[in-house]
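This report concerns only the one structure given below.
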Amino acid sequence: MVPTRNRPMLRILGFFICAAFIYLSFRDLWLNHKGKAKLGFVKRNGTQFVVDDKPLYVNGWNSYWFMDHAVDEHSRNLVGEMLEAGAKMGLTVCRTWAFNDGGYNALQISPGRFDERVFQALDHVIAEARKHDVRLLLSLVNNLQAYGGKTQYVKWAWQEGVGLSSSNDSFFFDPSIRNYFKNYLKVLLTRKNSVTGIEYRNDPTIFAWELINEPRCTTDVSGKTLQDWIDEMTGFIKSIDDKHLLTVGLEGFYGPNSPKGLTVNPEQWASQLGTDFVQNSNSSNIDFASVHIYPDHWFHNQTFEEKLKFVVKWMQSHIEDGLKELKKPVLFTEFGLSNQNKDYEPSQRDKFYRIIFDVVYKSAKRKKSGAGTLVWQLFMEGMETFNDDFGIVPHEQDSIYKLMIEQSCRLGKVTGRLKEQKLKELCSHRH
């Protein structure tokens, strides 16, 4: 039994022990989220990305599945594990979906109705990225049907009796649907992160916003419909958030308004999609251009070597456009080689990656507009069902793993960032 005279002292001691425990428990969380509040926003200086007035060339990846996995507590850990794996390779930017419209684990259940549980999952993704010093390129809607996309918006309009057309492309011209999307944008941009306490529009963890993944508007091949939509939506975004960079999310095809580029397109069909790389990227509120690289999807009868030649020509054309026409950075936001090709060999993927990395590295050395690449896609062990023939698990293909680290080191040398501790350690042990 404790003597009565000692009880006040024990209470005081207990209080300080409890306070110390709470401090130690939450110190790392506080440092990870609050202590990095001075992280600089990525900006644009001509054809270069800059952070704190220093050039930034991107070596990154795609993991579109982050928010979806963060909803479930049993799979949430995969987000942090993937970000940690990326950071250990010196990767600096991850592109992921900030949308899920209708369907399972929907962020937006119906126009203007959001699932707080899913929003908190996205909060977690952003907080984890901040923790691992990785920035996020967040895509805002899908042109494809996966995760809802423009098709879901059109369905909503029809269900509410306000749709003008059953065409999926009415997403771009229907006033009611435009208002649906604007409402979503406003809610997302002004969202206060439940983990960090920072509004999305004020969070430098977000590298940039991507307006739409792979837009196409085949009902108007002139490109006017899509261009009007881009101009309106980018202006709306900038009126709410003028701190973050903004890109369209293009595949990079040239339209009728860019006759010189038509010879660079993979085939004639690419000019009939209602998009135009130069015109769309030249919109005044667009800060950098985006391009994809998928010769497997775009050609059916070419040999592997012919595809490699196309890739170099494709990339160089867009880099020159960025330098001379747009005067903006060009980021290759998706690239991949399918392992389901006839006569596929793992060494082909090595060659494919090497050529793409080399083009960007040479552009960076010459201070041209090639601003970086994002591999499609990376995932973790046990996620084979998410592999769309392009996916890679870090470490499983050692040659690719080493190529990605080498690119991080090469770009770090160009920018002078090799002196930064994490990159210095990574690159000094590379050999």
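Cβ coordinates are placed from backbone N, Cα and C, and glycine is handled just like the others.
According to Swiss-Prot, the protein carries these features:
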- 1-24: signal peptide (SIGNAL)
- Asn45: N-linked glycosylation site (CARBOHYD)
- Asn168: N-linked glycosylation site (CARBOHYD)
- Glu214: active site, proton donor (ACT_SITE)
- Asn282: N-linked glycosylation site (CARBOHYD)
- Asn301: N-linked glycosylation site (CARBOHYD)
- Glu334: active site, nucleophile (ACT_SITE)
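Each of the glycosylation sites Asn168, Asn301 was scored by the number of other CB atoms within 10 Å of its CB, and the largest score is that of Asn168.
All protein chains considered, the CB of Glu334 (active site, nucleophile) has 24 other CB atoms within 10 Å. In this structure the C-alpha atoms belonging to Asn168 (N-linked glycosylation site) and Glu214 (active site, proton donor) are separated by 14 Å. Of all the glycosylation sites listed here (Asn45, Asn282), the one with the fewest other CB atoms within 10 A of its own CB is Asn45.
Put simply, of the recorded positions Asn45, Asn282, Asn301, Glu334, the one whose Cα is nearest the Cα of the residue listed as 'active site, proton donor' is Glu334.
For Asn282 (N-linked glycosylation site), none of the recorded positions have C-alpha atoms inside a 10 Å radius of its own C-alpha, out of Asn45, Asn301, Glu334. Calculated from their C-alpha atoms, the gap between Asn45 (N-linked glycosylation site) and Asn301 (N-linked glycosylation site) amounts to 41 Å.
A distance of 22 Å separates the Cα atom of Glu334 (active site, nucleophile) from that of Asn301 (N-linked glycosylation site). When secondary structure is read from DSSP and collapsed to three states, Asn282 (N-linked glycosylation site) falls in the coil class. Under the three-state DSSP scheme, Glu334 (active site, nucleophile) falls in the strand class.
Counting every protein chain shown, 21 other Cβ atoms lie within 10 Å of the Cβ of Glu214 (active site, proton donor).
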